[in-house]
């Protein structure tokens, strides 16, 4: 294999410069050359070898073409017993003319699947941060989000199922990109993991700031309370009381019972006490309650679970379910 020394723009740069590909990061050749990063992609992409060569701007050696030509010449005989021979140049032009478009499609698919993994790496997510800071992914169209920057996301990791969408970390909703040029970009090229990993990797991003304010290097100090690995102020700041649209007509609220009344208010709800979302604290509390319900058998030292107390009528279970106890009538 020989690497082309042509001074023209690389395939990766030209691919990312295409209209509608502004969301893509330029994958480094070092990342692509690492076989570990390509594990399992051979079975997902047709003409894998040729597609990988196109991405890396690698041309096959002429010896491969000569060998193929000799094999074809040996097995090609016409009706009169004469051997049909074609020059290597003629064969090469024929192969390129028929396979180039197919290889190009396979190369785009392969690059997209590699891109899904690259944006979750340290180098790739740093590139996406630079795009996020310059708002290349756009803003949330929801008024109550105050122009929060969005992130590209896929609703599936399997190519061909859906196009790329934009995720708002403020209202936790997913939107269709405003321009139709992004409707041909597969959502699997970004995947479902990237957006969540991005917010966990850069907790210093302040989602409570307005559009006109620059991104701060850190939150008001790093002493901000952490919940589930994120700053508490960054947990859906665009939801909850005061952030829910209330339709009105001449100042009067539209009834929820009306045919055109609000139906999806629950999508914008947010706990008044944000600590209710702390999964780590909830897990520790459950373990503590479980340990308190265990007794040690003095005879053998084994732990025995206490029987749960009977619920009185109208008493609530820990999950918030109202339990009504009635008499069991048997006939």
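Keep in mind that glycine also has a Cβ here, set from the backbone N, Cα and C atoms.
Keep in mind it's a predicted model, so treat the numbers as computed, not measured.
Looking at 26-59, 60-93, the range tied to region 'Disordered' in TrEMBL is 60-93. Within the listed segments 244-287, 288-331, TrEMBL records region 'Disordered' for the stretch 288-331.
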